[in-house]
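Report on one structure; see the data block that follows.
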């Protein structure tokens, strides 16, 4: 089962496991009680811990609460066409303690994207995610789709994109999801994608700039720029520019830019303190894959912050995120050294679902409505590097990006 499986209800291990013969149930208004079938009695307190609990949040998308002829609450899963007396929210109970003031649900590095969206209905929301055919992008897209959103997977490889769509449809055949061609290494492809999306006459509520390359050998794109810089930054910059009018018409809208903690370990200015284009798009002789990636991730935060400063007055906010360290995904496929390193580190790192959590949080959290210009790690706001917070550098990068795009478009003109 789609949403329920990822909520963790298939895992029966618990610090408060019930004794034999006991069952956990919920009332109509969400209070948890315990049935002792051996003695045919019920009670509010957990038989071992003595705690009282209630369920947190609404039902998962596609679920409905009903009452049978005996007055007992049961739950209908309309997605998978089944009923159960087990409340799907029991994985998210909170202690009822009058001595403690109520606090909102807290998410951290162990949270999953499906947990973030527990009880949310995203019907009517249109979401674009770049690089969504695999890895964290795929988990992000799947999580949105399983909660009712219309999700567009913007992918360079349409065969893989369509495979990703089918994998989501296998989990829920009514998911609203499609793949569209987008190659961020080509400004022409970005333009074609934007035109194709505009022709659909759809709103755009959430744009997730997720796609990235890492560890690639030096090469120039068809636009004459170093590929890591163009794919990870400039292509996304151009995409947002082309879709800006739709985002503004769809407000409140959000942009989420996937960056990395590696942004802290680089510099993009020369000795005089000016933005250095030769560092952003280096020659083959000056190229090092790790530095190129780090610089592009610094660009991501600078871009997100400046985007928020420019568009937040129009109802469009932008935040940047770090998904997690050493997550095993396809991003490192171009460099065997990192493939080996990521493989060895895999048992100690986040899952893909956990890696998608911070993106999903920034895209949907009610408490972030109207708020932007921030950087998040493990679903919590944190301070990026001093350089990432430099407004003058952000403006310089914005102006450089606009100039590079104008130059490339000018070369195509007859």
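Cβ from N, Cα, C; glycine included.
Marked as region 'Disordered' by Swiss-Prot: 1-23.
Confidence in the domain 'WW 1' (16-49), given as mean pLDDT, stands at 83. Taken from Swiss-Prot, the feature domain 'WW 1' covers 16-49, and the record attributes it to sequence analysis.
According to Swiss-Prot, the motif 'Nuclear localization signal' annotation covers 50-55.
The domain 'WW 2' annotation in Swiss-Prot covers 57-90 and rests on sequence analysis.
The number of other Cβ atoms within 10 Å of the Cβ belonging to residue 133 (NADP(+) binding site), over all protein chains shown, comes to 25. Residue 133 (NADP(+) binding site) carries neither a helix nor a strand DSSP state and counts as coil. The NADP(+) binding site annotation in Swiss-Prot covers 131, 132, 133, 134, 135, 136, 137.
In the three-state DSSP reading, residue 260 (substrate binding site) counts as coil. There are 25 other Cβ atoms within 10 Å of the Cβ belonging to residue 260 (substrate binding site). Annotation comment: Swiss-Prot describes 260 as substrate binding site, evidence class similarity to another entry.
Around the Cβ of residue 293 (active site, proton acceptor), the same chain contributes 212, 214, 215, 228, 232, 260, 262, each under 8 angstroms and 6 or more positions distant in sequence. The active site, proton acceptor annotation in Swiss-Prot covers 293, and the record cites similarity to another entry as its basis.
Comparing Cβ neighbour counts within 10 Å across the binding-site residues 135, 137, the minimum falls on 135. Sorting the domain 'WW 2' (57-90) by DSSP state (H, G, I as helix; E, B as strand; all else coil) yields 3 helix, 13 strand, 18 coil.
There are 19 other Cβ atoms within 10 Å of the Cβ belonging to residue 134 (NADP(+) binding site).
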